[in-house]
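Quick look at what TrEMBL lists:
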DOMAIN    17-136  domain 'MARVEL'
TRANSMEM  24-43  transmembrane segment
TRANSMEM  49-68  transmembrane segment
TRANSMEM  80-105  transmembrane segment
TRANSMEM  111-132  transmembrane segment
Amino acid sequence: MSEDPSRITAMEVDTAFIKSKRGILKVAEMVTLFVAFVCFAVASRPKYIAATVLEFVITSLLLLLYLFKLNKRLTFFFWPLVDAFNSVFAAVYFIVLSLLAATTYTVTGTLVGGIFGLVFAGLMCVDSFVLFKNITFNQPRSEINTVNNEH
């Protein structure tokens, strides 16, 4: 009962992604979310904790998707567009959530968590801008690159 060696595929780690602008941006998003989570946890604010944990999990899964090149294997979604929509919705949601936390705080941890939430929202805005700029619809990449290089 030996396994067929042609069926065994190794997980390939894309170390270039972590060193790229998008990889650094994803790691920065996760760090700010973690700090916001710790602040909300210290302040004992369950609603804010749940929101930060949920977005931390989503961002972690997207990072792992790109890090292990699973986006090339799981082709039933156009992952950059999924990532872009997540970035836009998370940015809007965290702007509202963080402003609410910062303006109605009773504990300093809630204020600091709200500030880090706003920083996270800013990072998500940058991430969505970069993603939408790089997504091409109905045009080959070579055409887009030559058009962008001419201007």
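Heads up, the Cβ atoms here are built off N, Cα and C, so glycines get one too.
Keep in mind that TrEMBL annotations are predicted by a computer and have not been checked by a curator.
Within the model, the domain 'MARVEL' (17-136) shows a mean pLDDT value of 91, rounded to a whole number. Beyond the transmembrane segment (24-43), the same-chain residues lying 6 or more positions past its ends with a Cβ under 8 Å from any Cβ of the stretch are 18, 49, 52-53, 55-56, 59-60, 62-63, 66, 98, 101, 105, 107-110, 112-114, 116-117, 119-120, 123-124, 126-127, 130. Sorting each residue of the domain 'MARVEL' (17-136) by its DSSP state yields 104 helix, 0 strand, 16 coil.
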